[in-house]
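If you look up Swiss-Prot, you'll see 6-147 marked as domain 'SprT-like'. Marked as Zn(2+) binding site by Swiss-Prot: H67, H71. Positions annotated as active site by Swiss-Prot: E68.
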Amino acid sequence: MTDLELQQLVATISMHDFHRPFQHRAYFNARLRTTGGRYQLASHDIDINPKMLTDFDEATLIGVIKHELCHYHLHLTKRGYRHRDADFKRLLAQVGGSRYAPAPKQATARPYRYIYECQRCGRRYYRKRRMDTRRYTCGRCQGPIKLV
């Protein structure tokens, strides 16, 4: 699904479920990591996490879109648009949006690039970042450390 198709889907859901037009931008934002979507108060745009489409089904995506549209329409009509507001909870239940987006699947942990070993006791240190072995010693025995 492209950003244009997402824009059309959001506009369709807005007219069908909220009976109001969506007049701003909706697009995928790959920088969203822990949330399904985001409504921006200043620009009124809606960002959607692309993982809601790739990792889950279309019903989940539509639930997230309805959630963000609740923020959008309530904010523009100057009513309670925050999660804790009764207006928000009422409208979300009325349109059948999702209260919570499912947690995106976590990427597999990157393997450690650097393995250091104490010359005296043999303890290993696994690091993602390089370190200056002349400045550091083993935390257990104070022996010198060497890159393996």
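Each residue's number is its place along the chain shown, starting with 1.
Each residue, glycine too, has its Cβ placed from N, Cα and C.
Sequence features, as recorded in Swiss-Prot, placed on the structure.
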residue: H67; record: Zn(2+) binding site; Cβ contacts under 8 Å, 6 or more apart: G36, G37, L92, G97, S98, R99, A101
residue: E68; record: active site; Cβ contacts under 8 Å, 6 or more apart: G37, R38, Y39, I46, I48
residue: H71; record: Zn(2+) binding site; Cβ contacts under 8 Å, 6 or more apart: Y39, Y81, F88
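Mean pLDDT for the domain 'SprT-like' (6-147) in the predicted structure: 94.
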